[in-house]
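S.K.: In case it's useful when we look at the structure, here is the feature table from TrEMBL:
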| type | residues | note |
| --- | --- | --- |
| TRANSMEM | 20-43 | transmembrane segment |
| TRANSMEM | 63-83 | transmembrane segment |
| TRANSMEM | 103-124 | transmembrane segment |
| TRANSMEM | 151-174 | transmembrane segment |
| TRANSMEM | 195-219 | transmembrane segment |
| TRANSMEM | 239-261 | transmembrane segment |
| TRANSMEM | 273-293 | transmembrane segment |
| TRANSMEM | 329-347 | transmembrane segment |
| TRANSMEM | 359-384 | transmembrane segment |
| TRANSMEM | 416-434 | transmembrane segment |
| TRANSMEM | 461-480 | transmembrane segment |
| TRANSMEM | 486-509 | transmembrane segment |
Amino acid sequence: MNNIDLSKKLHNRNFTKYGLDMNLFVSIVSAVLVLGFIVFTIAKPNESAEVFNGIKDYINTKYNWFFVFTINFALIFTIYLSFSKFGKVKLGGPKAKPEFSNFAWYSMLFSAGIGIGIFFFGVAEPIYHMQSLPKALSGDNPITDAFKIMYLHWGFNAWAVYSIVAIALGYFAYNKNLPLSLRSLFYPILKEKIFGIWGDIVDTLAVLSVLFGLATSLGLGAQQINSGLNYIFGIPISYQVQIILIVCITFIATLSVVSGISKGVKLLSEANFYITGIFLFGILVLGPTSFILSTYSNSLGSYISDFVNISLFIGMDKADIAWQGGWTIFYWAWWIAWTPFVGMFIARISKGRTIREIGIGTIFCSSLVIFFAMTILGATAVFLNGVNDGVIVKAVNTNISTALFEMIANFVSSKALQGIISFVGMVAIILFFVTSSDSGSLVVDNLTSGGKLDSPKTQRVFWAVMEGLIAASVLVLGGTKALNTLQGAVIITGLPFGVLVLIMCYSLFISLKEEMKYYEKYELKKLKTRLNKAELSNAEQS
């Protein structure tokens, strides 16, 4: 049976009545488990928080070594593929052309991969690290140390795990004509078994991870936007306002999803990139420019020179284990748990690009841009904190959602300018949420439709609305504690997905070795064609 028949074999199992086109097992089981989780979380908030946070803490402390190994292995393996002979392999085959321009491609992967992280943690994280870091990670300069560790959490390692999953998904979908679905990653090992119950379980786990992750981000983001509106316009901080925000973001995201990637998602991502750039450029120029640039240079140098030590660090005593579980392992588990979402979305927009392009574009280009963006915010916060009697530390320790706007309030004396900067930042945050939501909806739709890229619009709307409903119901009925429980559930999925990532790397490697035989034949054929043309041209000239 050829690859095209294999893809049809999965799609033939889909339910195709009433304007739908979905895998019933993945869709129904995912919906039931999501509903069950929400009911449990809302009905018994204390018990659910104790259960999921207990499991999360156990995983973070007992399996910290596994996350450190997995995240570093993903980085080494992705760099190896990018700079070896495999780097020239193109998703879609040698003749495939990129669907999107470089700017559009980068805008979309950046918006989906990071979301509001640069705003939420760009100000707060270095402030936290300046107050508390393990001795093994501390040096002579607390500012440089703080930014170095922030770079570790948001840099090469994080993007590597996204990158390798994107490469694998894109390769099996576009080069092997398998469905764009997580189950396809294991075809070289499991063969046609991926179309059975094991493949359904893998895709269901991915759907849960994406839905819970996006709902968590949407709920926490609504709280931050509400804090910003309170700072700018005096709008009260309340669940009612946050629900309105979730409804508005979900509505815009739904319109974007219905419009498709080329229109809705692409245009919103490009607009987001421009507006975020304007916001950050304004702070760089109007703020402590010299301090920002010095911090970036020193911290980047320290990050690179100490990279091996800090990336392989595993806490040994209770204090270090607790700190690492709350920060580094939390991040590693979160990034791994989000690979079905971000990795699949990057794969969806990367047809026609080489493994080398994807590896370099995601790991190195994205990291350096994010480092600079977060340093603009973080260094400004550190500078203002030093000249304003610890005002940013107080804001971070009191309510992290207000830290960015507290920084802006102390940034310039002009109320009008404060309002303009805050408004631009608010628009950027909202666009990040919309682009994350619409990208996530497309990914969930891919997973529940058996990897189809052209599923019905009604189905796309269903999953986009589902994200908003999960976030709104958990936020209103369970509050921040329920959101934190939801976040804990996402972190827990990082462990099984970490195992799947390692298996996937092996699966990709053995398949790429076979692919190279085809590429060598193709390049030999191209070389012979060129030589024949050259000989013919010489003959005509003589």
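Positions of Cβ are set from backbone N, Cα and C atoms, glycine also.
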S.K.: Are there residues at least 6 beyond the ends of the transmembrane segment (20-43) whose Cβ is under 8 Å from a Cβ of it, and what are they?
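M.R.: Sequence-remote neighbours of the transmembrane segment (20-43) are 10, 13-14, 197, 200, 203-204, 207-208, 211-212, 447-450, 452, 455-456, 458-459, 466, 470, 473-474, 477-478, 482, 485-486, 489.
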S.K.: Can you tell me which recorded stretch out of 103-124, 359-384, 461-480 has the most Cβ pairs within less than 8 Å of the transmembrane segment (416-434)?
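M.R.: Looking at each of 103-124, 359-384, 461-480 in turn, the most contacts to the transmembrane segment (416-434) are made by 103-124.
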S.K.: The transmembrane segment (103-124) vs the transmembrane segment (359-384): three or more C-beta pairs under 8 Å (separation of 6 or more)?
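M.R.: Stretch pair touches.
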S.K.: Applying the under-8 angstroms CB criterion, which one of 239-261, 273-293, 329-347, 461-480, 486-509 scores highest with the transmembrane segment (359-384)?
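M.R.: Comparing 239-261, 273-293, 329-347, 461-480, 486-509 against the transmembrane segment (359-384), the winner is 273-293.
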S.K.: What residues in the same chain, six or more past the boundaries of the transmembrane segment (461-480), come closer than 8 Å to it by Cβ-Cβ distance?
M.R.: 31, 34, 38, 41-42, 45, 211-212, 214-216, 218-219, 222-223, 239, 242-243, 246-247, 249-250, 253-254, 257-258, 437-438, 440-441, 444-445, 448, 486
S.K.: Most CB pairs under 8 Å with the transmembrane segment (329-347): which of 151-174, 239-261, 486-509?
M.R.: 151-174
S.K.: Does the transmembrane segment (239-261) reach the transmembrane segment (486-509) with at least 3 CB pairs under 8 A, where each pair is 6 or more residues apart?
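M.R.: As far as Cβ distances go (cut-off 8 Å, pairs 6 or more apart), the transmembrane segment (239-261) and the transmembrane segment (486-509) do not touch.
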S.K.: So what's near the transmembrane segment (195-219) in sequence-distant terms, Cβ-Cβ under 8 Å and 6+ beyond its ends?
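M.R.: Those are 6, 9-10, 13, 23, 25-26, 29-30, 33-34, 37, 115-116, 181-183, 186, 242, 246, 249-250, 334, 337-338, 340-341, 433, 436-437, 440, 443-444, 447-448, 466-468, 470-472, 474-475, 483, 486-487, 489-490, 493, 496-497, 500, in sequence order.
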S.K.: Go through the chain and flag residues at least 6 beyond the ends of the transmembrane segment (486-509) whose CB is under 8 A from any CB in it; none is fine as an answer.
M.R.: 37, 41, 49, 52-53, 55-56, 59-60, 63, 66-67, 70, 73-74, 77, 161, 164-165, 167-168, 171-172, 182, 185-189, 202, 205, 208-209, 212-213, 215-216, 219-220, 330, 332-340, 474
S.K.: Using a Cβ cut-off under 8 Å, which residues of the same chain at least 6 positions beyond either end of the transmembrane segment (63-83) come close to it?
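M.R.: Result: 156-158, 160-161, 163-164, 167, 311-315, 321, 324-325, 328-329, 332-333, 335-336, 355-356, 358-360, 363, 494-495, 498, 501-502, 505, 512.
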